[in-house]
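One structure below.
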Amino acid sequence: MPSWSVVVPAKRLDVAKTRLRPLTESRDDAVAAHRELVLALLADTVAAAVACSVVGVVVVVTDDPRASDVVRALGATTVADEPDRGLNPALEHGARSAPGPAVAALSSDLPALRPAELAAALHAAGGAARAFVADAQGTGTTLLTAVGTDLLPRFGPGSAEAHLTGGAVALAGSWPGLVRDVDTEDDLRAALGLGAGPRTTEVVARLAR
Ligand SMILES: Nc1nc2c(ncn2[C@@H]2O[C@H](COP(=O)(O)OP(=O)(O)OP(=O)(O)O)[C@@H](O)[C@H]2O)c(=O)[nH]1
Ligand SMILES: C=C(OP(=O)(O)O)C(=O)O
């Protein structure tokens, strides 16, 4: 039975994922191309979460009208990016508006995420009050979960250590798409190597033309 609420943060597309700007900045349509790439990463991530068998609701925290339209069409709901004090307060706001006792914060830049991987991680997370999955580098976090307690997100540099210190259990498993967040061009190449979702694959192909 679907039971998890998944909260995905997405700041305005134009200002998000600045470390990916080198991929598009030499183009005449640099601003639009960057926006399309960031949106594709978000859309593939949200589509995988919506398709996950144990996810009941996906809540995207965003003020971006285009991102809102796209994720709603995929089956997610959206809430405003409040209180406008950065990533962790935005996640706390999203978690408060999410139904049920089981809530997860998921990175928005996981284009190779598979629904079954997320289901496996959430299944493992269900045994702990709070748990997290570190990113491929081991320093960041791609998934933070809470069951019947506050999420207490500490995303940002060194967030894996912060979540561990804060009492969350580190989860390990075979979920390559779940740990492969895309911050840089190398990360994007790695995600494409795993098999990225259709929107990211299409945008990258268009950028290469
Ligand atoms: N809703 C919301 N999402 C945020 C906020 N800050 C960051 N995020 C999202 O959280 C994710 C990770 O954030 P960061 O690591 O800061 O990424 P970023 O700022 O987009 O990327 P860089 O500019 O390359 O560092 C991205 O998907 C962001 O869109 C915020 O204030 N509100
Ligand atoms: C915010 C984080 O992610 P990144 O900066 O890698 O997107 C994090 O790992 O806590």
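Our numbering is plain: 1 for the first residue shown, then up by one each step along the chain.
Even glycines carry a Cβ here, placed using N, Cα and C.
Per TrEMBL, phosphoenolpyruvate binding site is recorded for Thr141, Gly156, Ser159. If you look up TrEMBL, you'll see 37-62 marked as transmembrane segment.
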Residues from the same chain, set at least six apart from the ends of the transmembrane segment (37-62), whose C-beta lies under 8 A from its own: 2-13, 16-17, 20, 23-24, 68, 70-71, 74-81, 90-91, 93-94, 97-100, 106-116, 118-119, 122-123, 177, 182, 196-200, 202-204, 207
Additional residues surrounding phosphoenolpyruvate, by Cβ distance to the Thr141, Gly156, Ser159 centre under 8 Å: Gly140, Pro153, Arg154, Phe155, Pro157, Gly158, Ala160, Ala162, His163
Intrachain C-beta neighbours of Thr141 (phosphoenolpyruvate binding site), sequence separation six or more, cut-off 8 angstroms: Ser107, Phe132, Val133, Ala134, Asp135, Phe155, Ser159, Ala160, His163
Among Gly156, Ser159, the one of these binding-site residues whose Cβ has the fewest neighbouring Cβ atoms within 10 Å: Gly156
For Thr141 (phosphoenolpyruvate binding site), the three-state class that DSSP assigns: strand
